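Over in Swiss-Prot, the protein carries these features:
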- 82-141: DNA-binding region (DNA_BIND)
- 12-21: compositional bias 'Basic residues' (COMPBIAS)
- 40-50: compositional bias 'Basic and acidic residues' (COMPBIAS)
- 59-77: compositional bias 'Basic and acidic residues' (COMPBIAS)
- 78-87: compositional bias 'Basic residues' (COMPBIAS)
- 1-93: region 'Disordered' (REGION)
- 276-289: motif 'OAR' (MOTIF)
- 282-286: motif 'Nuclear localization signal' (MOTIF)
Amino acid sequence: MTSMKDPLSLDHHHHNHHVTGSKHAPLSMASSLQPLQRSVDSKHRLDVHTVSDTSSPESVEKEKGQSKNEDSNDDPSKKKRQRRQRTHFTSQQLQELEATFQRNRYPDMSTREEIAVWTNLTEARVRVWFKNRRAKWRKRERNQQAELCKNGFGPQFNGLMQPYDDMYPSYTYNNWAAKGLTSASLSTKSFPFFNSMNVNPLSSQTMFSPPNSISSMSMSSSMVPSAVTGVPGSSLNSLNNLNNLSNPSLNSGVPTPACPYAPPTPPYVYRDTCNSSLASLRLKAKQHSSFGYASVQNPASNLSACQYAVDRPV
């Protein structure tokens, strides 16, 4: 009986074990299928998410904004690079740059590099400094020219339009006849030629008006320039005859004034001038004879140093 029970028990036990094994098998299969389903679900979700993102432009813009924010948060040095940094020059650097600018306002590359080495600056800084300095120089030049045009040239051009009202307040137009030549204004002036000859330029009528007497005519005859002595003898003789007919006693009695000049120069110095101006001298002699002036004394009889007598060759 026991032997019969044993196989049954064994079979029963085996069956039970098989049943338990069959129960565990679906559990293991389900557990193995769960990760596969999760992976499939995740892939499906990713595909749907990408399709929805590409289809909507708003999501694309959001992604771009997020990427920019991430880049800006990752690299904050870009903002610092965009800012312009001011260079603070020392007095020695400015002195060297100004001295070079006075010599050359447009330095080339090699000169800028040399200046950069001297001043311990970069070539770009030196180039920018020269550019700004030239702009400042041009602005100053324009301002100076504008000031000159306003202050300097303006009054000059206005003065050309009305010169006498501004520059000469005491002057009036068309006042020559009313004023005339006053003795007070001329007596204060010095005339060395008249003072040397003891002649008053206002009292002697021979300088400003025709002579009124024979004595004044004789004085004027002595003051005739020396070039008149080169007039031919015929005209001189006619003038002498006219003077003798008028009053021969006065002609001989009036003394000749003292000559302030030195002795005459050699005779042939004035030869060319006398020959060239012979026609003009003849005309002057005729004018003297027509106005009634006294004639010049005969050069052959009475010559003085004042008359600059010229010995004509025979």
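Using N, Cα and C of the backbone, Cβ positions are placed for all residues, glycine too.
Across the motif 'Nuclear localization signal' (282-286), DSSP assigns 5 helix, 0 strand, 0 coil. Sorting the DNA-binding region (82-141) by DSSP state (H, G, I as helix; E, B as strand; all else coil) yields 44 helix, 0 strand, 16 coil. This prediction places the mean pLDDT of the motif 'OAR' (276-289) at 74.
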